[in-house]
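Have a look at the structure below, then the notes.
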Amino acid sequence: MAAEVELNHVQSASEMAEGEEDEHIFQPTMFLEPQETSIDMKALLVKKVKKTCSCTPAKVKDLIFSFLPVLQWLPKYKLREYLLGDIMSGVIVGILLVPQSIAYSLLAGQEPIYGLYTSFFASIIYFLFGTSRHISVGIFGVLCLMVGQVVDREVQRAGYDIEPSVHSGLQRDMVIYVNTTTLAVNQTLQPLLCDRSCYAITVGATVTFIAGVYQVAMGFFQVGFVSVYLSDALLGGFVTGASFTILTSQAKYLLGLDIPRSNGIGSLITTWINIFKNIHKTNICDLITSFLCLLVLVPTKELNEHFKSRLKAPIPIELVVVVAATLASHFGELKEKYGSSVAGHIPTGFLPPQPPNWDLIPSVAMDAVAIAIIGFAITVSLSEMFAKKHGYTVKANQEMYAIGFCNIIPSFFHCFTTSAALAKTLVKESTGCRTQISGVVTALVILLVLLLIAPLFYSLQKCVLGVITIVNLRGALRKFRDLPKMWHLSKVDTVIWLVTMAASALLSTEIGLLIGVCFSMLCVIVRTQRPEAPLLGWVVETEMYESLSAYKNLKTKPGIVVFRFEAPLYYINKECFKSTLYKRTGVNPAWVKAAKKKAAKRMLKEKMVTSGGSQADVSVQLVTEPLVFHTLVIDCCAIQFLDTAGIHTLKEICKDYGEIGIQVLLAQCNASVRSSLHRGEYFKKEEQILLFHSVHQAVDFALGARKQNGCILHVIMINLLSLCFS
């Protein structure tokens, strides 16, 4: 009877405590079980195939218009509003592009005429296929360097000299027009007819064709996501590192040295060793010309940048220098008197189309991968940047088609690889460009040079072209000035930039790019493997919880520890999660249980009592230090996903802490984490699901539950005392 009274007292007290605390206890989140839907994969596949293979006039029209964006925007062209700006920007970019095309041809290991061909065809084709209104597609220094390295390697394998030999105009025209796909009886004459220049452009065109095929395939299979692995820091470091290699390759022209171009790993160091070995052979005439060109180009370029907001158009100083240097070389007879190396004969008109050399494809297929990725990554990033700036949209996959066709089609017309270029795009934008019509105007300027003016550059010294190339590297080399700011913003990005830059410069461009990608991915893995994992404190008079180590004046709730893990929880960092949790909370469940077992054994030895030779009952009291907290709240807001190892880790943490009397609550789990917990059977069927929308709710729930348990315990003690005295 007394027991029944005791039980009734306890139950009524418990109900009373629950009623008092109901309005203060936040109930846990209701778990929404994901709806399971059965999908008939066969029916879905048939439906997609029918939709894809169906052919209606509307679908054909949409397909053509999406493939050729010019058909969409050209009929809407506002003649009075857009034409003047497009003509002005097209003419200015064309004037700048002529000397750069000739100069970058040397970088790609080609004759000057091929650089002009490349710029002409790229401008026309991008006009048809491109969606960006502002980018300038043409020759890009880094890609020219990568193509030139492949060309030099294959030229060496074929038994030609690295440096082109000097031919008369008649002989050069003859060897260029040779068709390498003639009958077998004439193939034995090919080594005699096709010289180094002819073979070099064949290699360059083949690499360009394969790179274009890769880019179109990327667009078709919609794998543009590959570019996300090329971060801004990685691309910046790669371009700067490649700029050192470009500068090194052009230094011999500034000194007038006739030394072979080094290839492979460590080519930068090898080239400088060869330069210093042959420094006594410096051509004084070329050295003086280079110095004078630098004195003119660098200050004028700086003035263009400093006053770009005031100038309607930049001063075309490169064209002025090329014209002046050509006249000085021609009338001063610098080649005949001082042995200066000149551009030589540049033919007018166009050469007959010629297919790539299919036999070379196995040799250059791997080289084309890096060229294709760099080309489309730079083009897409520049397109999106300027589209966002001017308030319109571009299609990334269509941009890959565009840059791919800018490589595939010109490869049949003696051209090499192209992409968007930042410097020329900035000039194009600042001079009033409104649409892709600007590219057509640029192509017309280059066409004028190809048809009429090209032969006049016969006496242009190669050292002038080398100076133009080097001066245009200033933007990439200036990135060193941004390193302190980059270090302040992100130390990891700075390290990625330095590693990629050093590898690209000291090893090779391809290896440098690969090292940069691998190192940046390693940094991501390391950052998720060793993430920040602070304890959180309460911001007074709010429901916010922030890091105790990052902010001052935060409060903690007695008996409750709040822990945040700022990374996905998966197999790589599961041990880091547990070790950091144990370190931050100061409680390792395994150690607590081991301490209890050790104390139990010690108490058994000390409190053993025997009576009459027989063993008596043993009363064991474990004397252990009380735990500093009773509830652990894990803030999961930064945990994007869980894998199998992560789910098992949370289950293990919950079980281990539960065995030593500590409750584990999860707060702010996203839908993916909740779904993973449900599939991983984190919650047992007979248990209440304890998930909370916020840390504040979890803390209030823990405090309320503690008060409720304390009230029940207090009532039990009172009843026990009353029974003892009754």
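Placement of Cβ uses the backbone N, Cα and C atoms for every residue, glycine included.
Please treat TrEMBL annotations as automatic predictions, because they have not gone through curation.
Quick look at what TrEMBL annotates:
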- 550-702: domain 'STAS' (DOMAIN)
- 82-107: transmembrane segment (TRANSMEM)
- 113-129: transmembrane segment (TRANSMEM)
- 198-217: transmembrane segment (TRANSMEM)
- 223-247: transmembrane segment (TRANSMEM)
- 360-380: transmembrane segment (TRANSMEM)
- 401-423: transmembrane segment (TRANSMEM)
- 443-473: transmembrane segment (TRANSMEM)
- 494-522: transmembrane segment (TRANSMEM)
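In this chain, the transmembrane segment (443-473) lies apart from the transmembrane segment (360-380): fewer than three C-beta pairs between them fall below 8 angstroms, excluding pairs fewer than 6 positions apart.
The transmembrane segment (360-380) is not in contact with the transmembrane segment (82-107), judged by fewer than 3 CB-CB distances under 8 Å for residue pairs 6 or more apart in sequence.
The transmembrane segment (113-129) and the transmembrane segment (401-423) are in contact, since at least 3 Cβ pairs between them lie under 8 Å (pairs 6 or more apart in sequence).
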